[in-house]
Amino acid sequence: MAANFWTSSHFKQLLDAMEVDVVHSPDKEKGLTPEEFRLVKIHMTNYIWKLAHHVKVRQRVIATAVAYFRRVCARKSMSEYDPRLVAPTCLYLAAKAEESTIQARLLVFYIKKIYVDEKYRFEIKDILEMEMKLLEALDYYLVVFHPYRPLIQLLQDAGMADLTHISWSLVNDSYRMDLILVHPPYMIALACINIASVLKEKNATAWFEELRVDMNAVKNISIEILDFYDTYRTPSDDRVNLVLSKLKA
Amino acid sequence: MGDGGRGSAGKPAWLQQYDLMGKIGEGTYGLVFLARSKLQSNRGKFIAIKKFKQSKDGDGVSPTAIREIMLLREISHENVVKLVNVHINHADMSLYLAFDYAEHDLYEIIRHHREKLNHPINQYTVKSLLWQLLNGLNYLHSNWIIHRDLKPSNILVMGEGDEQGVVKIADFGLARIYQSPLKPLSENGVVVTIWYRAPELLLGAKHYTSAVDMWAVGCIFAELLTLKPLFQGVEVKNPPNPFQLDQLDKIFKVLGHPTPEKWPTLVNLPHWQNDQQHIQGKKYDNPGLNNVVHLPLKSPAYDLLSKMLEYDPRKRLTAAQALEHEYFRIDPIPGRNTLVTSQPGEKIVLYPARPVDGSTDFEGSTSVQPSQPVSSGNLVSGGVPPGSIMNQRPVPRQMAGNIPRMPVPNVGSFGIGPQAVMGNMNPGGIPIQRGASAQAHQQQLRRKDLGAGMQNPGYPPQQKSRRF
């Protein structure tokens, strides 16, 4: 499991691309569009990053937290699971799972520091209650694999260690999408290497051919990432608040 | 898996799927219960339910519980305890792990032979137990999981049923995935038994490898053979993370001193350098491991044991290598049901069932039963007080269909004090910390045993460090 992605719950739980971006019916009824759904997920991913930098946890913890958050979004409506509470609680839970526990007290402190907006305000009790609900929503599957480790190994194998920085950043950005719920992490890593090699004008064709991976799949993920960059704009707090206010009723 | 919905009476709905039979253990994290499933699919099946209280520091689900769930959700192997469900009670924020119940564990099996039967465990059983333990461990290690707290009470053996006599490794609260180097447990303030601790850790090694589990298996193998813990060091409690000189001494007495020639990285270990006069000063007449375990030097059993107790963790046998050892290829060949015997004439040993304290409910509160006026209220905090109500499950197991909820009257006054009752308790899958009073009683007992003035006569209460 832990070492072998193919026998892990992560692998067994991979979703079809069509399944992840579906707006749940309670949210749909309140007028949440697929585009707005994506927007909220991006915003909350950014929120988790911001919080994580305040509480100072490793990259891996952030990645796991975002993966939890997106898994919950794929399963539960935002009407029932307020993303403003789910996001920080995912970070809280991920920190425990990745052995770098953060105190709920500290988390609440930084939430208040980042957002003056009352709708983001939660108490320790709220976090702890949501932690249990998240465990259930995640069906107690907590091990998440990430592209970072395969990325480093693959770059070494390719002799393209100079692409580490840019492809690492690409992997970071991939968490603003649902790729981690859909594709095996090493495939995401390969897509990021693919993009990085094109951007840096490195010819990696021969190396990719030797890998004997499904190059079409790698290219499709690469295109998805590039498309995402084309349209990406950091969602403004106002815009997100407007969207989330729809879910209130 | 899991369900947090609430039933009509304000109790969680999932409670309905169990007949709670009572408490079978307790530890620092909470209580362990025995229950029977009422679900169609699992009807009548015995389930051990480990309850995690909210952590005291006001920080939600204990990280230990999180890690245990995390690992158990990923692994599946015949020789690893099976997590069948997770439940949540949102009302009091408690978390419950439901396991297939195992009636026995090596701690109790060894104790039964030592204290009741006065004869060793038969060879087939020893070999089968060891093989299955290694088989489960090999699975864990090949999945990059180190258990880190192997000891007899964590090695369970299934009672009657389809899986009778099958070994299950339990208690993954300290287990870790070791993709990245693992820091010593002591740095997280975790206390574990020192008797099964590998010498590199005792000497201050900064990181764990799977070899620490193999050392523990070696110790357990020896204990199965002799019915006595191999290295019973006296634990130093203070300061936190102390140097356990006595434990090392116990090891050196049997195995001799390690040398940098045989164990090159020894010189890098902090305590080997810093406490040189303590460690390297003493000289022992080496009695030899073979004399301690009463095995001929040339026997395959001795060869295997000595390779598990190799000082240098890099040279120590791995679980995979151990499974290939000659010992397992010669008669008696290990089998799936460890508790039967291969010898036709040999008597089958019936091990006692775990006692069940039927007076404690899931909330951990003690119900006062009308038939037993002396029932006490301090069961949870102070162990089982004299006169508490104990449900004795009948042995053998097929009678368990109608477990009497009848209290055993006046257990206390018949001299089967709490120490006897509690001393026999261990949950399914779950090493436990025995109640404080039970411990005190055991220590008293030991003092009596000390009569002959021996240094280490009895069986020190291993449960001191049992937790779940």
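Backbone N, Cα and C define each Cβ position, glycine as well.
Here is what TrEMBL says about this protein:
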- B:LYS51: ATP binding site (BINDING)
- B:364-377: compositional bias 'Low complexity' (COMPBIAS)
- B:18-328: domain 'Protein kinase' (DOMAIN)
- B:360-399: region 'Disordered' (REGION)
- B:425-468: region 'Disordered' (REGION)
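Across the residues of the domain 'Protein kinase' (B:18-328), the predicted structure has a mean pLDDT of 88.
Cβ neighbours within 10 Å of B:LYS51 (ATP binding site), excluding its own Cβ and spanning all shown chains: 22. According to its DSSP assignment, the residue listed as 'ATP binding site' is in a strand.
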